[in-house]
Amino acid sequence: MKFIVKLFPEIMIKSETVRKRFAKILTSNIRNILQKYDEETAVVRHWDYIEVRSKNEENREELIALLQRIPGIHHFLEVEEKPFTDLHHIFELTLADVAQQLQGKTFCVRVKRKGKHKFSSIEAERYIGGGLNQHIESAKVRLKNPDVTVRIDIEDDKMMLVKTRHAGIGGYPIGTQEDVLSLISGGFDSGVSSYMLIRRGSRVHYCFFNLGGAAHEIGVKQMAYHIWQRYSASHKVRFITINFEGVVGEILEKVDNGQMGVVLKRMMVRAASKVAQRFNIEAIVTGEALGQVSSQTLTNLRLIDEAADALVLRPLITHDKEQIIAMAKEIGTDDIAKSMPEFCGVISKNPTIKAVREKILEEEGHFNFEILESSVQNAKYLDIRQIAEETEKEVVEVEAISVLGENEVILDIRSPEETDEKPFESGTHDVIQMPFYKLSSQFGSLDQSKNYVLYCERGVMSKLQALYLKENGFSNVRVFAKNIH
């Protein structure tokens, strides 16, 4: 079993020194991935292609799937190699292989040749094509748009009959560009933007800002692991988790409602910049698209970038949501993205679309930056290969109820702005207001003889916070499944 791997065209037009370096890196990447599945796979670099050989025919489908997902490969040919003596012998070998395939079809023959021979490529095409036409009565020659193109590569005394042509994903081999840090949330945008930088030749590390609970974190880790395993498993990468509950709580308490979105993003790029500096990473990657949400205006994006000490890359800046979702389906992250939560109470209800620097700086003046520093210092660093083991751990389940019992208290965990606008009213049960960002520090001070039913508008943050509390030993928590109307 043999494959001829063709490099991405942009690689081939580079200078000889750069082309050789890129081809060498791609060869190493292919070897790293394929030999995990088949130790006997041979990967050999040639001037304008890479040769992949394997004796294990049963691994064919797996090898094809792996090659199709390695950045830097434009396409690859599955070929059958045979020695020949003369042009007529090539025809006989070709006839034996394609006779059944050409029955009732139109066809043409295309030959590429290297080495010294008594015939040219065009002469070989005419001779072989004419012979096939004579010996297969139901087949007809058609040089333009045929049903079947018979492709033959001739090199010295060997011929390679191309059985199948497989498309690759193109791009540059991972390692030809510098490392980047992707801010991954588990949604459609961040997954696709991560993939786009991988395809462009960067090793992508992942940074996740956790707003509470294991369920969301596990979902995001699964997405990052999926992207890494499918498209960049040739390289080791890191997954960094930063607990941002305290930061969000500080913003909700001290920052003007309209400025919260921009301030939160500025805090995220500040934290990510510190992580990037630690690992000598030059750029951070976000999934923002111009105008997609209110915070993603040019004015706001410029102010967000001012808080970063690293280059901020936005590969999706001109993409429509439809395009992004279509790409997520192609790379296999759409199902995970659909299950990711939208947090209630995190982003302001009336965000500014044209933030003013002076106003942002004034609001940040109220912020205790020691909380941000503490979040970064306590970040968790994980080799992404460990995620597969970690996600197999049992996730604690939380009961959701719609009818309240006698010993139960409603715990409204929405932000103060939301509770003021739409208070939870219960004529039969006590209601305690405790914003979600205070639960970790204040829940333990409540009467633990009571059962607490957590409530938020969409039911997402309440579930995540209930999971967090259960993980920390509190068994007296449930989630209220009934929305306020």
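Even glycines carry a Cβ here, placed using N, Cα and C.
Per Swiss-Prot, the candidate among G170, G171, G287 that belongs to the ATP site alongside L183, I184, K265, Q296 is G287.
Note: the Cα of L183 (ATP binding site) and the Cα of C456 (active site, cysteine persulfide intermediate) are spaced 26 Å from each other. Between the C-alpha atoms of C456 (active site, cysteine persulfide intermediate) and I184 (ATP binding site), the distance comes to 24 Å. Residues within less than 8 Å, Cβ to Cβ, of I184 (ATP binding site) and separated from it by at least 6 positions along the same chain comprise S190, G191, S194, Y206, C207, F208, V220, M223, A224.
When pLDDT is averaged over the domain 'THUMP' (61-165), the result is 94. DSSP assigns K265 (ATP binding site) to a helix. Spanning the residues L183, I184, K265, G287, Q296 that the record associates with binding ATP, the maximal Cα-Cα distance equals 17 Å. Following the DSSP three-state reduction, the secondary structure of G287 (ATP binding site) is coil. Shown in sequence order, L183, S185, G187, F188, D189, S190, G191, V192, S193, R314, L316, I324 are the residues of the chain, 6+ apart in sequence, with a C-beta less than 8 angstroms from the C-beta of G287 (ATP binding site).
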